[in-house]
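A.B. asks: Here it is, the structure, as structure tokens.
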């Protein structure tokens, strides 16, 4: 700029006379023609520059997008519908793996220049199913030299005993080089020259036949087996980085029915990316950083560690060997078979593990660490169970061990199959982004529980996680889906089994019941969005595989299995599962295989009509998106009820022909016996009640066993409201929560008036003692509060909520009583949380007292006087109403090596509660700069879910996008959380415009989360439309009721 600023020029320092003189005497003179020619030349030059910038400039793609559309929904759909070549992104069916022999050498050595790298070798015995000259494997980001790729087969010939060599002992030694027995044809190839197995394509000549000398094997018939290793010449090797494949082209075709060995050496890096074989660390109580190497292969990350058939249907046994330092421990899917010194390197050994049963690549696992374990004697014969964790954390692993010993016999009885492996190791891995993983025989999960904690939530959470992953040891590992399209069955069943096991073994655990209700409400909400998809869906590229691991897969899958369990009856459902697991053990299968066995098992023994097959019933729920809402319209002059089904959508203007097979359960005020009628793929049916009483209400979907919503005629809604105010106990507690959730969501869609929903919840502070209806009401009303907070009526609405909450807050107080039931503990926690969120004075004062008592502790890292379950709301309230002192205190606690994982998660969720923009920016900067481990970064973005946090965070996202993208591009866990949990909090027209601009600028970067962004935009548009559709009527209701 110069010291004169933007607007200075040299003429500024001259007198008027000097200016005139300067202007007259300076310059040059040209003719008119020359001047015109000069102007034309200048314009042509400018046009040329513009054209060059358009075609070759960095923003060409962005400009093109901006011209095309300003509708973000259309832009996202265009991205998803791009004509990406579909050819050969899947593996061909020409070969099938019979066995893997895998050796991995991860290097964790701070003194080595190869630290955080790994080398390995895999030998895959394959069977040729169709003649081909292409061996296609999955591969991703591995270093493979062409000369390190070999292919060979083995030929065995019986010869006479006269052909015994001069030194038979030499033949026996050579035979010992053969891996496994002769029938496997998997042999050591150390003696095979590289030139035999890789042909330079430039020579065009056959290499000499240098087949190794025959290996001789004695038999019981005084004859010998000659084993010849025959190289299968490699013509070339090609790599397809877009589809993660490496293809070995052989000179001669592989023959149908023959077995071949593919032998590949490779190397790679141990990255801090939570997938593949990655590095992780923890800090012990002395402050030392301890490193470990561990794996996460689901769904498509085994290919990042070794070339393989990385699709679930390709199941094969694995012989795994892992190198480690002598001061560390290696674990894998099977028990340790042998430890062998690494002769060339002192201080290192090879651990060789027993061969696994046939299994998919995504459940292969191994870990190298300095973890220690605890175990205990089981009361029944079964696998050896150990819990592994850092030494300092082992005291918190006993609960997980006890629960596992209790669950294994339960699941063995349920499935009627013993646990399939000889051991079960369970790892408490730091920085394990997925929360839990069902690796066969080597599970990973959140396992640590402080025995001094009295948390009513943590125990049920840990138990549910363990049940889910244990169930996969049978349903998922023993029997595996053929392809990821059926993932819902795998994950839905694990979630369903958690509910089954905890209901049976912990029937008084309201905490878990509340979690299941919450999950059902969330799933019903997400499944109404325009962007929802069927749970059984076609997958058209690798990116979609990661994206389908969502709420719909887990929770809707669980819900419709629960519905099937009810309609078949529990005994028939269990028998069907048992038949399925026994028939398809160690194989892969599809959902149709399961439906066929259920149909056969259930013949004439269930409440499913004879005209309905299990396949038809379940396909109506699994192969089409969404679900119905059932409308019951009564004729009060008679006993008829017209039952009608309509697809539940966010936009009632959308029409659809979708129909479901719906089991409609019902009861009445005068008859509490549960009855059932069916909508058999039909729009409506007529139900005859056994009562004509005008004051008798009708209730559908008893105990919420069906995955649908229910609407009633206005009179029946009023009868239900009256019943709730007089005696809510006449209506099952799950239905009390369901009535509230259905009413608010039906009102949101414009199907009923919000008056019905608000009238329903007014009974809560008068007669409702149960947590579930309160949760349902406050959850729905909090969503409305997020929308209304953008407008001037926020205080009016908060007064309404406080009027509901205050009586119960003062009745329950903030202090636990000795004889509190679990329901009362949960209800108190939820009421206190709501009161503090609403900034109710007594609640905020209580929270600050609790927080400052903690600050005053002489050693706050070792002693936290705040009850575990209340730590979030106390910390959040204190930080929201405080400043840097309160914030820094909690941040410093996260740096302590002694902090428990559950407390660390709670702290990160609390730190975002601040309303100071500079603290929010600093917090986000900390997360981006590596001060927070990747596993916990999602909690940072989830924590800033309030108006100030959303505005500040979105600005930070835009200003720092290049860094965020570079840091998290390959960390789907973090990347998806930002757009699913954070960006989805935006809720105004201006927000949508800003997001559209952001998307157009970074369309290519955001491809991997396009599906998530569809749902995010749907949620934003619902909030925007809500203002136009409902704000005025809701405000008028609040004013009429004098809030």
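Even glycines carry a Cβ here, placed using N, Cα and C.
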A.B. asks: Quick one: sort out which of 181-214, 215-248, 249-282, 283-316 is the region 'Disordered' according to TrEMBL.
C.D. replies: 181-214
A.B. asks: Under TrEMBL, which of the candidate ranges 13-34, 35-56 is annotated transmembrane segment?
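C.D. replies: Within the set 13-34, 35-56, TrEMBL attaches transmembrane segment to 35-56.
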A.B. asks: Excluding 468, 472, 491, please set out which residues of the same chain place their CB within 8 Å of the center of the CB atoms of the Zn(2+) site, keeping sequence order.
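C.D. replies: The answer, listed by sequence position, is 436, 438, 469, 471, 475, 476, 490, 493, 494, 495, 497.
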A.B. asks: Using a 10 Å cut-off, grab the number of neighbouring Cβ atoms around the Cβ of residue 472 (Zn(2+) binding site), all chains included.
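C.D. replies: Its Cβ shell of radius 10 Å holds 24 other Cβ atoms.
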A.B. asks: Helix, strand, coil: count each for the residues of the domain 'Aminopeptidase N-like N-terminal' (236-363), based on DSSP.
C.D. replies: 6 helix, 70 strand, 52 coil
A.B. asks: My understanding is the cutoff is Cβ-Cβ under 8 Å with a sequence separation of 6 or more in the same chain; which residues meet that for residue 468 (Zn(2+) binding site)?
C.D. replies: 436, 438, 494, 495, 497, 498
A.B. asks: Can you check which residues sit near residue 469 (active site, proton acceptor), meaning Cβ under 8 Å from its Cβ, same chain, 6 or more apart in sequence, and list them in order?
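C.D. replies: When sequence neighbours closer than 6 are ignored, residue 469 (active site, proton acceptor) has 436, 437, 438, 443, 445, 494 within Cβ distance under 8 Å.
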